[in-house]
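Undergrad: Okay, handing you the structure first.
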Amino acid sequence: MTIHVKNNIHWVGQRDWEVRDFHGTEYKTLQGSSYNSYLIREEKTVLIDTVDHKFSREFVQNLMAEVDLNTIDYIVINHAEEDHAGALSELMARIPNTPIYCTYNAIDSITGHHHHPEWNFHTVKTGDTLDIGNGKQLIFIETPMLHWPDSMMTYMTEDAVLFSNDAFGQHYCDEHLFNDEVDQTELFEQCQRYFANILTPFSRLVTAKIHEVLGFNLPLSMVATSHGVVWRDDPAQIIHLYLKWADSYQEDRITLFYDTMSNNTRMMADAIAQGINDVDPGVAVKIYNVARHDKNEILTQVFRSKGVLVGSSTMNNVMMPKVAAMLEEITGLRFQNKKASAFGSYGWNGGAVDRVQTRLMDAGFETTLALKTKWRPDGSALEVCREHGREIARQWALHPLDNTPARRVISPVKPAATAPQVTTAAQPMSASAESACGCNEVAAPQSATQPTVQSESGCMQCSVCQWIYDPALGEPMQDVTPGTMWSDVPDSFLCPECGLGKDVFNPIR
């Protein structure tokens, strides 16, 4: 089956209505997905990407019904992951000498998956072109770490089509191919879910790469993604949304998620949410039990939120395992511009709340006072929870509220060994109670748009792969001698792990 895209471009991909798990079981594809491959027939015939490996035979058979495989002049692989290049082995078995155009890093990935180093690879870099006849060219644009080191985009001149790889896509399956033909609510929900769960850690790179592409001043008629729809109706809309989402995005909403053994922590969550609504009925509040709800939906809601409250019962003096797993996911996604607080019930030891609070601080959230309740909360304890929610609403308000006291915060700059908390025996989050814990007000973490400053130790951390530059060690492989401060490191310096430049490094605080 083929679908006409534009002029001499046809979609030759594969729909996958049944898939419900992606990247192992890390991403729930509730709307299915598609693996988009494109066939270009100008004076030269070009295939851009293939499909997931489980559809290899069907893909090649469908392609053979459309074109003589021996007439394919070039294969372009924008991304070597198996859902993009999975059918290469099946295809190359029939046309083994066909040139494959890809990035240098893609060769390592492709040979690692398919074990054919003898294939006819041609490496490309940003700005390289490939003439395909009829006055048209393909222009290649490297996009490392969006979201693999090998990633790139391909732009077709004259037709003004950007084959964007994973960027601007979504795991969304529909009989229709174009964005103006599908349910708009479903589409944009899946776009945001995709960005929040996959691309958020690379937000700085998203912004930089989009501005780089826009700087080429190329006309744009379509964005042809690797998953989901082709953007033909106002294709720039998804680009502008990406710029918005990548810029420390938040809405006026608060997300609570928890796990509980005896419903006590659930009761706390409900009461806290009631308190938030008492003070600020305009704020959107969502509550999720991590053991019962879709993990990716929760992460998407956290991405959208200005703040998150994380609750856990104490089990063996630690947090519930599903809460711990969710916090690990959140740490990896590196959300920006968000506040957080921990809460939970306990019996003889409340270690879970302390650990949750510390993990939130480690993840870069601006944390406020935590809340513990012993055993099942009674009427007075639930009122403490409601008051806690009221104070959260005041402190996290994005607009003026009546009777809003000034609040102090705990910064993620220097996480404490034991997180401060209030209990049902204490005054809930009063100014005097918080002062008594010895916390001082400090500035919030720098946003990505602020100038980089050097940490007191001089150590800098790559925001993409987490590699750390230590001035005491330098980087001898790049002739950076021990004792070289970051400000004196040459601008040509590249992260040894991911190969990106100095602009993705942040000070370790």
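Just so you know, glycine gets a Cβ as well, placed from its N, Cα and C.
Values in this document were obtained by computation on a predicted structure and should not be read as measured data.
Taken from Swiss-Prot, the feature region 'Zinc metallo-hydrolase' covers 30-210. Marked as Fe cation 1 binding site by Swiss-Prot on the basis of sequence analysis: His79, Glu81, His147, Asp166. Positions annotated as Fe cation 2 binding site by Swiss-Prot, on the basis of sequence analysis: Asp83, Asp166, His227. According to Swiss-Prot, the feature domain 'Flavodoxin-like' maps to 254-393, an assignment based on sequence analysis. The FMN binding site annotation in Swiss-Prot covers 260-264, 342-369. Positions annotated as domain 'Rubredoxin-like' by Swiss-Prot: 457-508. Here Swiss-Prot flags Cys462, Cys465, Cys495, Cys498 as Fe cation 3 binding site, drawing on sequence analysis.
Walk me through where these features lie, including what they touch and how far apart they are.
TA: According to its DSSP assignment, Asp166 (Fe cation 1 binding site) is coil. Within the same chain, residues at least 6 positions away in sequence whose Cβ sits under 8 Å from that of Asp166 (Fe cation 1 binding site) are His79, Leu146, His147, Ser151, Ile198, Leu199, Thr225, Ser226, His227.
Mean predicted confidence for the domain 'Flavodoxin-like' (254-393): the pLDDT average there is 96.
According to DSSP, Cys498 (Fe cation 3 binding site) sits in a coil region rather than a helix or strand. All protein chains shown were included, and the count of other CB atoms within 10 Å of the CB of Cys498 (Fe cation 3 binding site) stands at 18.
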Undergrad: Find, for the listed binding-site residues His79, His147, His227, the residue with the lowest Cβ contact count at a 10 Å cut-off, counting only other Cβ atoms.
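TA: Sparsest of the binding-site residues His79, His147, His227 by Cβ contacts within 10 Å: His147.
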Undergrad: With Asp83 (Fe cation 2 binding site) as the reference Cα, tell me which of the binding-site residues Asp362, Cys465, Cys495 is the closest one.
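TA: In terms of Cα distance, Asp83 (Fe cation 2 binding site) lies closest to Cys465.
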Undergrad: Starting from the Fe cation 2 site formed by Asp83, Asp166, His227, give every other residue of that chain whose CB sits within 8 Å of the mean position of their CB atoms, in sequence order.
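TA: Nearby residues not in the site list: Ser33, Tyr35, Asn36, His79, Glu81, His84, Asn165, Gly169, His171, Thr225, Ser226.
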Undergrad: How many whole Å apart are the CA atoms of Ala352 (FMN binding site) and Cys465 (Fe cation 3 binding site)?
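TA: Between the alpha carbons of Ala352 (FMN binding site) and Cys465 (Fe cation 3 binding site) there are 29 Å.
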Undergrad: Does DSSP give Asp362 (FMN binding site) helix, strand or coil?
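TA: Assignment for Asp362 (FMN binding site) reads helix.
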Undergrad: At a 10 A cut-off on CB-CB distances, which of the binding-site residues Thr260, Gln357, Thr367 has the highest count?
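TA: Sorting the candidates by Cβ neighbours within 10 Å, the top entry is Gln357.
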